[in-house]
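Trainee: Sequence annotations record features per position, and here TrEMBL assigns chlorophyll a binding site to TRP97, GLU118, HIS121, GLU218, ASN221, ARG223, GLN235. Among the features that TrEMBL reports, chlorophyll b binding site is placed at ARG123, GLU182.
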Amino acid sequence: MSSSRATLASAAGVAFFGGATFVSTGSTRTGNLRATASTASASAPAAPEANVAGLAVASVAVATCFASRKAGTSTRQLVTLTAFENELGVQAPVGFWDPAGFTADGSTENFARRRQTELKHGRISMLATMGYITPEITGKFPGYLSPSAGLKFADVPNGLAAISKVPAAGWGQILAYMAFCEVSQDQSAGTPAAAGDFGFKVLTASDPEAKKTKLAAELANGRLAMMAIIGMFFQDGLTGSAWGDWANYTASPLRAFENELGVQAPVGFWDPAGFTADGSTENFARRRQTELKHGRISMLATMGYITPEITGKFPGYLSPSAGLKFADVPNGLAAISKVPAAGWGQILAYMAFCEVSQDQSAGTPAAAGDFGFKVLTASDPEAKKTKLAAELANGRLAMMAIIGMFFQDGLTGSAWGDWANYTASPLR
C-alpha cells in the first residue's frame, strides 16, 4: 500500500473567535472558499477518507493534514482554507464566527448541512417567537379551537401553559404538517430545498444583490429568534408568565444575592452559569473571595503590560549577577523566558506571603478582601461601598483585558497585538 501525506504545522494561540487551519479532500464543490491547492496522484485501494484539524486553546495550535483515498487511481488534493468568509451570514461585527470549531474540518458538505439545519431552526424560531408575541398584541381568534371538545381559542393561555390545552387531534395536525414540510420536497444535498428554497417567492427579489441582502437578513433574524424563543421559554418557566415579570419569580435563589456588591446595571445580578442556584451564602462568599483575588491580580497584570509601553523601563540592572538589564526584558509573554530563576523565586515567595500573612478563613476581614490597606478606602459608608463596587467592576474588566492581551501577544508576537502582524490567521 502506497500513500502520500502532507503535514502543515502552525504555531498560534486561539482566541474565543478563533478559526482553524482547514484540510479538505479533493472535492469538486468548493463553495465560496478562497483556497490554494496542490495536487498529487497516487494509486490506493478503497478506504474511508479522513480529515483532522487539531485545536489547542491559548497555546500552540498544530494542524495536521491527512490525504483522502478513493477506489482505484485517485487524485489527492490538499486545500488550505482561510475561512468560510464569503458565505451568507458572515456579518459585522464578528465576521466569520465559529468559536466551537464546527468548521475546523474544512468540509463544505458539512458546512452546507449545518447551514440547512440553521435555516430550519431559525425559521421555526421566528414563527415560534411571533406565536408568543402576536396573541399578546392582537388578541386571539373568536370562536372555538375544538368545537367537539368545547375548547375556545380564548381558553388557550399564551406560552408554555398552552401545551396542556391542545387536544390530541391538534397535536396530530401539528405533526402531520411537520411531516409534510419534511417530505414534500427533495432536501438532499445540492437541491434547492437543501439551500432553503421551497419555491415560496413572496419575500424574494429578482435583483441578485437585493436577494442576497434578504437571505442574509433571514439568517440574522433566525439567529436572533433562536435566542429570543429560548429566553421566552426560560422567562415563562421561571415566572409563569409568557412575558416573564421578574416580580412573579419570588422563589428565585438569585434574590438572596441581588443586594450584594457587584450587582450593577445593566444586567443586575448576573449568573448565567447558575453557580448561586443552591442559594448557599457560604459558597457565594468563597466565590466572591476568589473573584476579588483574581480581579486584583488581573489589574496588576494589566498595568504591568501597559506601564512599560507608556513610561519606559527602569534604568540599570534587573540582575547584576546575570548581567541582565531592565531594558533587556521585552514586554508581554516574551518576558517569561528572560526572568532568572532567582526572580521566579522572589515572585513565588511574595505570592506565598500574601496567602499566609493573614488569616483568610471564612468570616475574617481578609476573606472579604480587607488586608488593612486603607489608601483607597473611605470613612463614609456610602463612599466606601461605591469604591468597593468599582473595585469589583474594574477587576472583572481587567480579567477580560489580561486574557485578551495574552491572546493578542501570543497571536501577533507583540504586547499590543497589531493585527497586521498576524499574517497566519485562518480568519483572513
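Using N, Cα and C of the backbone, Cβ positions are placed for all residues, glycine too.
Annotations in TrEMBL come from automatic prediction, not curation.
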Trainee: Hey, what's the Cβ neighbour count for GLU218 (chlorophyll a binding site) at 10 Å?
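Mentor: That number is 18.
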Trainee: So among TRP97, GLU218, ASN221, GLN235, all listed as binding-site residues, which is physically nearest to GLU182 (chlorophyll b binding site)? Use the C-alpha atoms.
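Mentor: Nearest by Cα distance to GLU182 (chlorophyll b binding site): GLU218.
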Trainee: Rank the binding-site residues ASN221, GLN235 by the number of other Cβ atoms within 10 Å of each Cβ and report the first-ranked residue.
Mentor: GLN235
Trainee: Taking the residues the record says bind chlorophyll a (TRP97, GLU118, HIS121, GLU218, ASN221, ARG223, GLN235), how far apart in Å are the two Cα atoms that sit farthest from each other?
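Mentor: Comparing all Cα pairs, the maximum is 27 Å.
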Trainee: For GLU218 (chlorophyll a binding site) and ARG123 (chlorophyll b binding site), determine the Cα separation and express it in whole Å.
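Mentor: Per the Cα atoms, GLU218 (chlorophyll a binding site) and ARG123 (chlorophyll b binding site) stand 8 Å apart.
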